[in-house]
């Protein structure tokens with residue numbers, strides 16, 4: 001791939017150089033830190049759209065949850081919003097006072113009213129989220145060590161996997177009039193993988209083009225990881241993983257994909273730019289002393305924050321960022337409506353991830369979707385981030401630990 005990407009003033013060679021020599025080595029180190037390697041996820045949530053009929057029984061689909069004893073004390077003890085020891089203590093006092101106040105009121109409320117209030121609060125909290133978040137208090141939510149459960153090809157494929165991606169593209173994605181995609185493997189053969197040959201953005205505004213490219217880029221990213229870490233052979237119970245060039249060619253070669261493969265890869269670069277932009281925009285949030293990346297190990301926490309701030313400095317030095325200000329910039333009413341449509345489409349996609357039949361694929365699908373959703377939340381909260389108080393918890397904008405972990409690991413992917 002070479003040349004300039006559509007919808008931004010950036011060329012592929014510049015991104016490659018910047019990533020290879022500045023970002024990638026540091027982001028790899030950051031992902032190995034305790035704060036970023038443990039991700040709490042509920043892999044047992046039922047699929048909300050269809051009966052889950054494609055559960056993967058292949059052993060490589062299995063995710064090994066982390067034993068309680070291995071989780072750093074500062075991570076498992078704190079709620080998702082607690083970043084530092086000081087925040088832990090002050091938040092407990094606030095929670096206590098709040099509970100007392102609510103206790104005084106609750107005695108006069110019916111159970112139905114209480115549930116309604118809880119629903120309202122949950123609704124208010126979700127208004128700036130682009131993703132459906134797992135309930136971390138659920139008994140089914142477990143910590144997973146991402147380093148011990150790497151994303152790779154597990155053998156999960158066929159109708160179940162196809163159904164997930166088809167639902168994402170056909171029902172939840174603004175897309176060009178005609179895009180070549182593999183047809184339903186269940187349908188009668190029509191001679192090859194498909195017959196669509198042309199690609200037209202006619203009638204699709206910038207925002208909807210961006211949305212399609214992000215989903216296509218996410219799809220390309222996941223497919224690349226599967227090709228790069230493929231089960232090549234298994235002899236005497238010892239699997240050998242590595243790059244599968246034939247599989248890569250099948251998914252991305254122009255001749256195999258009717259010219260669509262390189263465009264998919266360009267969309268991966270576009271996804272990179274969007275998440276890079278989000279990291280540069282969220283820097284002020286983490287530069288405050290109140291944010292510690294707290295695990296309970298003071299020395300490691302300080303090193304993790306220093307490395308994260310170093311990455312932020314690098315992201316700011318990149319001179320060809322995507323300009324998100326050009327999005328939702330029309331008349332206020334129309335822009336607000338389009339932004340909300342954008343958010344709800346993406347939220348639905350995050351719910352579809354609960355329909356993935358392979359646990360390992362579901363884990364990484366949920367994490368990368370949440371990471372992209374967090375990036376979008378950041379890009380549309382610039383004013384709130386700029387007006388954050390220096391020494392007190394955020395009111396207008398905040399990130400949970402899960403969102404922070406997802407953001408960094410998705411960008412790392």
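Glycine too: its Cβ is placed from the backbone N, Cα and C atoms.
These features come from TrEMBL:
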type: DISULFID; residues: 56-61; note: disulfide bond
type: BINDING; residues: 152, 154, 165, 216, 219, 251; note: FAD binding site
type: ACT_SITE; residues: 358; note: active site, nucleophile
type: DISULFID; residues: 358-361; note: disulfide bond
type: ACT_SITE; residues: 361; note: active site
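Ranked by Cα separation from the residue listed as 'active site, nucleophile', the binding-site residues 152, 154, 165, 216 are led by 154. Around residue 358 (active site, nucleophile), taking its Cβ as the centre, 24 other Cβ atoms fall within 10 Å, counting all chains. Around the Cβ of residue 165 (FAD binding site), the same chain contributes 219, each under 8 angstroms and 6 or more positions distant in sequence. Within 10 Å of the C-beta atom of residue 154 (FAD binding site) sit 19 other C-beta atoms, taking all shown protein chains into account. Annotated pair residue 154 (FAD binding site) and residue 61 (disulfide bond), C-alpha to C-alpha distance, rounded: 6 Å.
Less than 8 angstroms from the CB of residue 251 (FAD binding site) sit 223, 227, 257, 261, 264, each of them six or more residues away in the same chain. In this structure, the CA atom of residue 61 (disulfide bond) is 7 Å away from the CA atom of residue 361 (disulfide bond).
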